[in-house]
Protein chains: 4
Amino acid sequence: MKRRSIKQIVYNTMYLQDTLPGKAFNLLLIVSIVMSVFVVLAYSIPSVAAEYWYAVNYLEFFFTVLFTIEYLLRAWCSPSSKSYMFSTFGVIDLLSIAPTWITIIFPLFPSLALLRLFRVLRILRLVKLLQYLNDTHLMMQILLNSRRRIAVLSLWIMVLVVIFGTLMYVIEGQENGFTSIPISIYWAIVTLTTVGYGHITPQTVLGKAVASLIMLIGYSMIVVLAGVISQEFSDVKKKLQGMTCSSCGTSDHAHDAVYCKRCGARL
Amino acid sequence: MKRRSIKQIVYNTMYLQDTLPGKAFNLLLIVSIVMSVFVVLAYSIPSVAAEYWYAVNYLEFFFTVLFTIEYLLRAWCSPSSKSYMFSTFGVIDLLSIAPTWITIIFPLFPSLALLRLFRVLRILRLVKLLQYLNDTHLMMQILLNSRRRIAVLSLWIMVLVVIFGTLMYVIEGQENGFTSIPISIYWAIVTLTTVGYGHITPQTVLGKAVASLIMLIGYSMIVVLAGVISQEFSDVKKKLQGMTCSSCGTSDHAHDAVYCKRCGARL
Amino acid sequence: MKRRSIKQIVYNTMYLQDTLPGKAFNLLLIVSIVMSVFVVLAYSIPSVAAEYWYAVNYLEFFFTVLFTIEYLLRAWCSPSSKSYMFSTFGVIDLLSIAPTWITIIFPLFPSLALLRLFRVLRILRLVKLLQYLNDTHLMMQILLNSRRRIAVLSLWIMVLVVIFGTLMYVIEGQENGFTSIPISIYWAIVTLTTVGYGHITPQTVLGKAVASLIMLIGYSMIVVLAGVISQEFSDVKKKLQGMTCSSCGTSDHAHDAVYCKRCGARL
Amino acid sequence: MKRRSIKQIVYNTMYLQDTLPGKAFNLLLIVSIVMSVFVVLAYSIPSVAAEYWYAVNYLEFFFTVLFTIEYLLRAWCSPSSKSYMFSTFGVIDLLSIAPTWITIIFPLFPSLALLRLFRVLRILRLVKLLQYLNDTHLMMQILLNSRRRIAVLSLWIMVLVVIFGTLMYVIEGQENGFTSIPISIYWAIVTLTTVGYGHITPQTVLGKAVASLIMLIGYSMIVVLAGVISQEFSDVKKKLQGMTCSSCGTSDHAHDAVYCKRCGARL
């Protein structure tokens with residue numbers, strides 16, 4: 001019985017943020033996550049990693065132990081250990097501590113490239129921060145309800161950059177840097193999204209004319225699509241929030257309305 | 001009679017997507033299109049084309065045969081062969097298979113440049129994908145209804161880049177890369193659309209001041225025009241979705257109107 | 001009396017676009033303007049100007065004669081010659097034909113740089129096209145009504161780029177290309193507007209951090225300001241279009257409403 | 001008694017802009033601020049500072065004396081000198097005159113770098129201009145009410161650039177310019193915000209694919225977020241502008257509501 005209540009207290013502290021210890025724990029966890037991410041960043045800078053080799057490794061080890069304890073406690077105190085371990089955040093928690101343990105247990109890690117890949121998995125700790133954002137709800141719902149529209153837009157953009165990329169490949173050719181269609185498509189994406197690295201630029205007159213067209217399409221699309229999508233979202237939001245008055249049929253009441261704003265009837 | 005029913009079945013499978021065979025056929029077609037586009041892309045990469053010469057050519061031949069069969073079947077089963085063959089998608093279907101057949105029939109193609117141009121026509125297969133997007137309807141209608149406004153905006157942008165391009169040509173001159181007015185206009189487009197390749201940059205103080213002005217105009221125009229156009233579209237959408245009064249036929253009422261705004265009759 | 005009616009006919013043809021000759025004249029004028037602009041552009045390309053010297057000059061002379069006749073006719077047929085000659089379009093008409101006449105009358109023009117500046121004045125013919133855009137009305141009114149807001153925004157952006165430019169000048173210094181505060185401000189404008197030429201880039205760690213901040217501010221401002229300004233314009237448009245119902249006080253009727261949409265009373 | 005009325009007059013002139021002397025004083029102050037900022041800018045250009053050494057220094061001294069008098073007068077005439085001196089604008093006023101006085105009093109300033117940092121503090125005079133913008137009110141309130149949403153968005157963008165930066169560091173590696181994770185994150189910010197300097201560009205095929213994805217996400221986010229945020233602001237504005245029910249005190253009614261949505265009473 002006592003053990004169960006301890007489990008309950010740990011659960012409340014870790015998962016609920018209403019109580020004072022819960023708030024303290026979660027604040028500490030956020031600070032730890034941010035600091036451990038900075039350690040991973042520092043580790044990747046050759047000069048810092050060389051000079052502060054011990055400090056960086058000790059900090060990394062310290063945070064790994066900390067997050068391992070957190071992982072074990074979460075698995076132990078949650079009503080179903082299995083459902084936590086196979087949840088998105090459970091997997092991320094595991095992936096972000098595993099690399100350090102594996103490099104400690106197998107110090108003679110075979111491939112250096114794989115080791116590097118492995119190490120950066122620790123950056124996933126950052127994703128743990130996202131669980132504290134609990135008001136992305138409406139925004140997410142709007143985006144989910146518009147996912148078909150967004151997919152259609154993406155397909156249009158894809159077709160646009162493939163056609164324009166191919167066109168530029170034919171016009172400019174290999175001698176001006178457009179060495180293959182995929183490279184030309186990459187260039188078209190760089191231009192349409194108005195990023196414009198400038199590592200490849202059209203040299204022929206016709207190529208410059210087509211490039212101008214791509215730029216103007218990319219630029220106008222921001223302006224025009226922002227307007228269209230704003231109208232789209234306005235519909236989706238109304239649908240998500242809408243209640244219909246049974247007496248007069250008005251449907252776009254505010255989401256917290258109790259009485260119909262037109263006829264005064266109770267909703 | 002029997003032949004006609006086969007024709008009917010083929011037509012239903014190819015054009016309608018309600019039945020199971022129709023769905024299966026169209027899914028297969030989409031996969032074939034995407035794969036054949038990847039083959040065209042691979043073909044254009046010198047190293048890939050050299051190493052996998054046979055594989056790429058065989059795959060290209062295979063997809064050409066496939067799309068030729070599709071083309072012939074579509075022409076045969078559609079109620080009017082002629083109307084299909086001269087429709088947009090009919091022409092695209094033909095253009096995307098013709099290049100391969102012509103290079104097979106005339107292996108000693110005279111011009112290499114023309115051959116390259118010819119080959120990339122096969123990328124048009126991608127456009128066939130667009131026929132599956134049947135819900136771009138409202139968005140298209142909004143854009144069509146606003147096409148006059150979009151044309152006016154385009155003309156304004158044109159006048160802006162021509163004036164600013166000419167100004168920069170006078171200020172910077174040929175020694176700083178602004179070798180002619182068209183080149184300066186091209187630079188003005190690159191700057192106004194915020195692409196910014198950086199292949200030509202102003203060197204004089206006055207040139208930098210004018211360039212700053214162009215950038216700020218380009219930047220502000222996104223912000224301001226997105227707002228204006230959003231309001232425009234809101235009107236267009238209301239008109240498109242609007243109720244029609246049964247007594248006087250007025251159709252563009254506000255979406256929450258109860259009485260006809262023209263004759264006062266209840267909607 | 002007869003002369004007056006000829007004047008009337010010429011006036012109607014030139015200024016009104018309802019009649020068939022009026023439409024024909026204005027279409028011809030638009031084509032002439034576009035073609036004459038292309039001649040000016042061609043003139044500025046050294047290779048084209050060298051090869052087609054006579055063609056370009058003859059065309060330029062031809063269009064100058066044409067627009068001179070147009071100018072004289074407009075001055076003669078308009079009710080008040082003076083008010084036309086001192087109107088915006090009258091001055092532009094004169095400025096766009098003057099350069100050619102002056103270079104013909106004074107072939108030994110002293111300064112070559114001044115001549116070049118002078119010649120490009122002919123590009124102003126393009127501005128004459130804008131007189132055909134008569135539905136920029138509502139958009140212009142919205143912009144005029146929001147001009148104070150746009151001025152405030154511009155001032156904010158100015159303060160932002162001056163402060164950030166100065167900061168980068170202190171952080172990066174002359175050795176990394178930030179040679180003076182005005183150059184740094186120019187760089188801040190290039191970065192904030194997301195143009196990003198890449199001709200100067202921060203080299204120090206702190207400089208890169210501040211540059212990241214400027215980019216994120218510039219990027220977020222597009223998103224956030226487009227939303228704020230869209231709401232602003234919505235208010236302005238309502239005010240411009242609004243009528244208030246005298247019986248129930250509802251004020252946001254559509255601009256062509258005759259009856260109140262809420263209570264059905266005549267507006 | 002007389003001295004008090006002088007204090008009153010000075011106060012009215014400096015702080016209120018209703019009277020003619022008040023308007024004249026404030027206009028003069030604005031002009032002085034703008035001119036003194038130009039002097040600071042000119043001072044930082046090596047060639048100008050060398051050639052016009054005396055003019056620039058005399059002007060700087062003149063403006064410093066002017067703003068010192070303004071500072072002393074403001075402190076003297078305001079009801080509470082202390083509250084002015086410790087207000088934001090009071091501190092800025094002091095910081096923008098202190099550097100010149102200190103360099104005059106201590107001509108043998110030890111560090112040249114510190115001196116440069118010190119001198120640019122004078123640019124803060126520009127911030128004094130912002131006190132004249134008194135209609136950023138509603139815009140500011142909308143932004144303040146949406147600050148939580150903006151913070152969430154910022155966090156999402158942070159997570160995005162850290163994850164993508166790390167990914168590119170693993171894919172491209174040190175040999176292609178992605179020398180550490182922080183550098184890669186900086187590159188991801190440059191790309192996501194569509195600035196695109198082009199000082200580092202991906203060289204591998206996979207790197208280009210991921211870069212394309214970042215660009216498309218950055219581009220789409222402008223379009224999609226502008227729409228979402230526009231809807232958000234529409235809610236916030238309605239709440240800010242909303243009517244208050246006299247019977248129950250609910251304040252966020254829709255702008256066209258006739259009855260209170262909570263208690264049903266007529267508004």
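Cβ coordinates come from backbone N, Cα and C, glycine included.
Residues annotated as domain 'Ion transport' in TrEMBL: A:23-240.
Below 8 angstroms of C-beta separation, residues 13-14, 17, 52, 56, 59-60, 63, 66-67, 70, 119-120, 122-123, 125-126, 128-129, 132 of the same chain, each at least six residues beyond the ends of the transmembrane segment (A:24-46), sit close to that stretch. According to TrEMBL, the transmembrane segment annotation covers A:24-46 (among others).
Among the features that TrEMBL reports, transmembrane segment is placed at A:52-73 (among others).
If you look up TrEMBL, you'll see A:85-106 (among others) marked as transmembrane segment. Counting only same-chain residues 6+ beyond the ends of the transmembrane segment (A:85-106), those with a CB under 8 A from a CB of the stretch are 60-61, 64, 67-68, 70-71, 74-75, 115, 118-119, 121-125, 127-128, 131.
Annotated transmembrane segment per TrEMBL: A:150-171 (among others), in sequence order. Residues 143, 178, 180-189, 192, 202, 204, 206-207, 210-211, 214, 217, 225 of the same chain lie 6 or more positions beyond the ends of the transmembrane segment (A:150-171) yet place their CB under 8 Å from a CB of it.
The transmembrane segment annotation in TrEMBL covers A:177-197 (among others).
Per TrEMBL, the feature transmembrane segment maps to A:209-229 (among others). Among residues of the same chain six or more beyond the transmembrane segment (A:209-229), those with a C-beta under 8 A of the stretch's C-beta atoms are 146, 149, 153, 160, 164, 167-168, 171, 188, 191-194, 201-202.
Listed as Cβ neighbours of the transmembrane segment (A:177-197) (distance under 8 Å, sequence separation of 6 or more from its ends, same chain) are residues 157, 160-162, 164-166, 168-169, 211, 214-215, 217-219, 221-222.
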